[in-house]
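I have placed the structure first, in the form of structure tokens, so that the comments after it can refer back to it.
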Amino acid sequence: MNWLACKNPAWVQANDFSFSGLHNPGNTGNPFGSAVTPVTVAQIPGLNTLGISMVRIDYAPWGVVAPHYHPRATEILTVIEGSLEVGFVTSNPDNRLISKTLQKGDVFVFPIGLVHFQRNIGHMNVVAISGLSSQNPGVSTIANVVFGSKPDISTDILAKAFQVDKNIVQQIQWRF
């Protein structure tokens, strides 16, 4: 399920089922203006095979969590402080944007495998908590997947897919 062996029950301790730190704001001093603090099986070994995890997300004013998807989890997000614009895009052929502005206490669901995003639409910091339906949800940020693959996806393929000149594709790939 997540490539982690189960721990021998005789060796289990309380620390295998706890995490401290969600009260600490993440560092939003990056180009996105956001920080994600994960609480997955990597942080709590006791989550192994339980099918749940969570994250704290901090957003600076106008900070974003870039378009991404979770290949193994549905996400449910709750705004703890502030206002967020959130949304996801349905799959082909419709590719409909489903979006909403959330306030403190509001909840929004991102279905498994669909591209979604969040953006702080205010001048104050925002805090949100998300629950995920996997102990190891994974995350694929669209720009990183498309332009940051190793080795690179051929510039011919990306130029045709995005209907842009190959030089533009190369410039974007060099940033990753």
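Note that the numbers count up from 1, one per residue, in the order the chain is shown.
Positions of Cβ are set from backbone N, Cα and C atoms, glycine also.
Note that TrEMBL annotation is computational and uncurated.
Sequence annotations record features per position, and here TrEMBL assigns domain 'Cupin type-1' to 20-170. TrEMBL lists H68, H70, E75, H116 with the feature Mn(2+) binding site. According to TrEMBL, the oxalate binding site annotation covers H70, E75.
Note: the Mn(2+) site is recorded as H68, H70, E75, H116; in the same chain, Y69, A73, F88, F110, L114, V115, P137, V139 also have Cβ atoms within 8 Å of that site's Cβ centroid. Under a cutoff of 8 A between CB atoms, and with a sequence separation of 6+ in the same chain, the neighbours of H70 (Mn(2+) binding site) are F110, I112, G113, L132, S134, P137, G138, V139, S140. The Cβ of H116 (Mn(2+) binding site) has 22 neighbouring Cβ atoms from other residues within 10 Å, across all protein chains displayed. Summarised as a single figure, the pLDDT of the domain 'Cupin type-1' (20-170) averages 96. Across the binding-site residues listed here (H68, E75), the residue whose Cβ sits among the most other Cβ atoms within 10 Å is E75.
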